[in-house]
């Protein structure tokens, strides 16, 4: 019995930053790298299932990223995941969720997990596409924004709840294996002490390249490309106060200003 | 075994007129009592040795010397309890003299006499000892009677054993066993003392026709007085002989029973307190125990994780209640009393480690069972070290609490509110969830550049610290301190983005791995810089760099800002400040005052700015924590409880006409401002940092006040 949990190392942005020279991203200097907030919850969900089942459940975490991403991987290994897989090649620098999903699909072929848990989305780009794309490639059922899960390892189906718009909740059962995108708040993620993170260095991490997984250059071409990233100009707002006459005068003034009169 | 007294000499009447069977009985009982005593001592030592080895008694001789000095002077026992301390001294010296006296009789009677024929228990030696023993008996009984009065009639809260953190149905709620034991102990010793005098008196009446006895009776003044009284009441020598036999045996059996029960009752504190004081770590308040972060386990979760020293510590506690009274958590209604923590551990050890065999499984310490330590108890601690400071027998509560917290942190069992803080510390080296880049942002408010100590040599490296860097209120103080340094012409620099929290609170909250990583990174950074000394406005940072970094290879000269300012004023580097017309009081930060003994420099600065200082009821080493320490500043206080800072603000509010409550720590500032608001004293007096008061006296507050207004919370402008 195996659960695969793909995680992501996200960039958290400082409140003062500068753009990269090519204008397609923020300068690296203004990031701090961190484990995606949602992934704390997906990992926790896998660990809770592992602990409830006693022995016999393996939790494998996978990440697509350069060696910087080892920090994120070690954090989840410290929480109790059994081993890690890191996939990287410099050609992946511009990878989008679809490319990542292709890589993960190859990992699923290789690892043959019974379930895949992803975070509902990443906190930096927020596309929420990877889990869905992975399920699509695999032809597995997918549930997004899972806020509650009843699943016994090895069971043919799982029962889950999803958060819908307007405060609605949906209860559904899903055929396993499946890809579930886990929502914040489904559980209470545990803390990984720094000591634990250091000791997690001893856990097995397989480093693979797309090539090892049988993916060629064409497979790694992103479906989308960032053309420009910028800070939109701020809108203006002003609270007009005073008597009706004063307010009207100010309003007239503003209209004149805008029309350049 | 027995020898005839030399009729030419005065000597102690001991077994006179005892038939052989009585002598045999006495020796059998005496030897039996000593065997029971020795077995008890051995089994207690076995209990302590079931903990890990601490090596706390080396170097042996200097520690022994220090301990004897403390015990003989009663230094620790008299603190904050002068009368009880004096009474204890009477008991202690009375008991000691009587014990030595009785021992020398045994020596004379059973060892030197039979072995060499040498008897020294006669003549002048006997007479002087006879007098000394009488005075010692008086001293003992007098001390005991005062203690009975104290326990029975003074109704001191510190001697109330009821546990505020338990409900009446809990088996460890009232601890009435301790109360009964206290009284049994007092009565037993009083009766031994009184029967001793009575046996002396009836012996005199009985032997009143023996001039060797009667003529020297005033060398036993108490006995002689009683004898005069008894004879005056018509007691005859024959009757006295009968009484003497009864009283002699009563006294003897009680005294031997006393010896036999020492290791099994509170009387054992005679030994455990001495052993505990001898093992006392002079840095227990300052430096938390080193731990191997690479090891399989960390911290204390099982009783056998505790060292022999800590197991002895908990057995040394005499329930004097001084820690219970001093603890800010206990005073504010949190479920922590250092006394109860220690007594729970003691009872747990007595229940599990006293048998011939160890229990099969691990002895878990943290949990909700009887005599287990509840997690919420451990999280209530503010690491202010008031308990360690005042404990007369050298119990080190704080390191034990930190060790237990380590195991909780490792198991992930802590308030969920703490998790974002620890993650922020892991990620960006500060506890406020801010990015590294933002750390030196406050410097933008200055009209001058601060040197970058990472790239150029400075005389003074200023370690700013977390709250001083990020907290909007503290930033104003930080800016003020920078201006003072500039005005004094100090060549100083900071570490800008690369400074991370020094880690005092990280260590005390129990995240030892993170603390060590921070310490190592900071030391590596500091060692790459060129400077002569470090200054910081934060007492927590001060304590950790001063006392904890040396163990990681970071040896620096460090001053707290207030000490530096005092020095600069004294050396004339800061011109004599103008006089301020305020009535102020001063709150000693725990980590500066009690923990590091820096109590006078801040007061001298206050003196130099001419304010009228009215001391708080609890100050200097007895200061009352603001509640921020030990990571508690990161944890919300339940609204139904009084915050320690509110108690402190109320204490300050009792000072009539108070203008300013002066603090000297960014965390105290944060907590006490809230405390002042929480107690509705906002309009009555202000909370200011010492630095701010000095800046005002130097006229620096006017200059540049308009461009001040430190970072308000929320987002600042985005630059693109």
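Just so it is clear, glycine is given a Cβ too, placed from its N, Cα and C backbone atoms.
Listed as Cβ neighbours of the domain '4Fe-4S ferredoxin-type' (B:308-337) (distance under 8 Å, sequence separation of 6 or more from its ends, same chain) are residues 44, 47-54, 56, 79-81, 84, 156-161, 163-165, 178, 182, 266, 268-269, 272-273, 275-277, 279, 343, 345-346, 349, 353, 374, 376-378, 380-382, 384, 386-387, 389-397, 400, 622, 624-625, 627, 641-644, 646-647. Under the heading domain '4Fe-4S ferredoxin-type', TrEMBL lists B:308-337 (among others).
Feature annotation from TrEMBL assigns domain '4Fe-4S ferredoxin-type' to B:369-401 (among others). Within the model, the domain '4Fe-4S ferredoxin-type' (B:369-401) carries an average pLDDT of 97.
Here TrEMBL flags B:701-720 as region 'Disordered'.
As annotated by TrEMBL, transmembrane segment applies to B:20-42 (among others). Beyond the ends of the transmembrane segment (B:20-42), by six or more residues, the same chain brings 1-2, 252-253, 256-257, 259-264, 268, 271 to within a C-beta distance below 8 angstroms of the stretch.
Taken from TrEMBL, the feature transmembrane segment covers B:83-105 (among others). Away from its own ends, the transmembrane segment (B:83-105) comes close to residues 12, 14, 71, 74, 77, 120-121, 129, 132-133, 135-144, 146-147, 150, 189, 193, 196, 255, 320 of its chain (Cβ-Cβ under 8 Å, at least six residues beyond either end).
Annotation source TrEMBL lists transmembrane segment at B:125-149 (among others).
Sequence-remote contacts of a segment are chain residues at least 6 beyond its ends whose Cβ falls under 8 Å from one of its Cβ atoms, and for the transmembrane segment (B:185-206) they are 13, 91, 94-95, 98, 134, 137, 140-141, 144-145, 147-148, 151, 213-214, 217, 220, 222-227, 229-231, 235-237, 240-241, 243-244, 247-248, 250-251, 254-255, 257-258, 265-267. The transmembrane segment annotation in TrEMBL covers B:185-206 (among others).
Same-chain residues lying 6 or more positions outside the transmembrane segment (B:218-234) and placing a CB less than 8 Å from one of its CB atoms are 127-128, 130-131, 133-134, 137-138, 197-198, 200-205, 208, 240. According to TrEMBL, the feature transmembrane segment maps to B:218-234 (among others).
Feature annotation from TrEMBL assigns transmembrane segment to B:246-264 (among others).
Beyond the ends of the transmembrane segment (B:125-149), by six or more residues, the same chain brings 10-12, 83-84, 87-98, 101, 104, 186, 189-190, 193-194, 196-197, 200, 216, 219-223 to within a C-beta distance below 8 angstroms of the stretch. Mapped onto DSSP helix, strand and coil, the domain '4Fe-4S ferredoxin-type' (B:308-337) counts 18 helix, 0 strand, 12 coil. Counted with DSSP, the domain '4Fe-4S ferredoxin-type' (B:369-401) comes out as 15 helix, 1 strand, 17 coil.
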